[in-house]
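Input: a single structure, listed below in structure tokens.
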Amino acid sequence: MTFAATVLTLYPEMFPGPLGVSLAGRALCEGIWSLETVQIRDFATDKHRSVDDTPAGGGAGMVMRADVLASAVDDVLARRPDAPMLAMSPRGRPLDQALVRELAAGPGISILCGRFEGIDERLFEARPIIPVSIGDYILSGGETAAIVLLDACIRLLPGVMGAPSSGTDESFEAGLLEYPHYTRPQIWEGRTIPEVLRSGDHAKIAAWRSERAVDDTRLRRPDLIERHGGARRPPPSGARRDT
Ligand code: SAH
């Protein structure tokens, strides 16, 4: 089944952009996912085709109009009733791997990209739209955020990644950062690859990786440890660890 992405934007030329190369690009060519862009401006009704207006209450910038956006959203919802309608917004639900997994398991997603100061709040009251944020910083528009969200979903679609297991060991999948990676050369600038990784002892390697995942997460992202109640990732490939 094709994962159908529909992007509502003022800049359709930004798509597929980086999603047209590498894994995502190949998957697009193979029909594992599909992409449709919808030009929001096509739903404007005045002769200037305006999509924004000055903010009520005053202040800088422009606000995207609820009436124009609703027409665009309604058009997409009518054609793709199964796909959840998301809107990229710094005021939205923080994107994490759990949400990515949930969305990637569905039939597709429709994404409304904001510009200017953002979107008239009444749109969110009047339509089933889920605002999603990709982090605590401000981008100039929702398009790059939509690309981030789509990239994260697409790599999880069946047939996109080489090894079916390569997604499950990753950072955040078990509420922890992933263990660090090494590859040849064996010695680089006097630094050697940790001895255990050359031991060939898979149980020992799995235990080392599991320990490093916990230690690095504690050090770099104590918030993750807290959120997951200090849960430890089960050691990969069935290795046992002493705790
Ligand atoms: N004035 C707004 C920011 C508007 S930025 C505020 O302070 O909340 C313009 C558009 O960029 C937004 O409508 C949204 O679509 C997108 N955007 C900016 N930062 C984002 C983020 N962190 N996550 C998701 N979308 C973002």
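Residue numbering: from 1, along the chain as shown.
Even glycines carry a Cβ here, placed using N, Cα and C.
As written in TrEMBL, here are the features:
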DOMAIN    6-226  domain 'tRNA methyltransferase TRMD/TRM10-type'
BINDING   G114, I134, G135, D136, Y137, I138, L139  S-adenosyl-L-methionine binding site
COMPBIAS  219-229  compositional bias 'Basic and acidic residues'
REGION    219-243  region 'Disordered'
Among G114, I134, G135, D136, Y137, I138, L139, which the record lists as binding S-adenosyl-L-methionine, how far apart in Å are the two most distant Cα atoms? 16
List every residue in the same chain as Y137 (S-adenosyl-L-methionine binding site), at least 6 positions away in sequence, whose Cβ is under 8 Å from its Cβ. P90
Cβ neighbours within the same chain of L139 (S-adenosyl-L-methionine binding site) - under 8 Å, at least six residues apart: P90, A145
Using DSSP, how many residues of the compositional bias 'Basic and acidic residues' (219-229) fall into helix, strand and coil, respectively? 8 helix, 0 strand, 3 coil
Expected list for ligand 1 (Cβ under 6 angstroms, binding-site residues G135, D136, L139) reads G135, L139
Around the Cβ of G114 (S-adenosyl-L-methionine binding site), other Cβ atoms within 10 Å, all chains included, total 26
Neighbour tally for I134 (S-adenosyl-L-methionine binding site), based on other Cβ positions within 10 Å of its Cβ: 20
Greatest C-beta neighbour count within 10 angstroms, which of the binding-site residues G135, D136, I138: G135
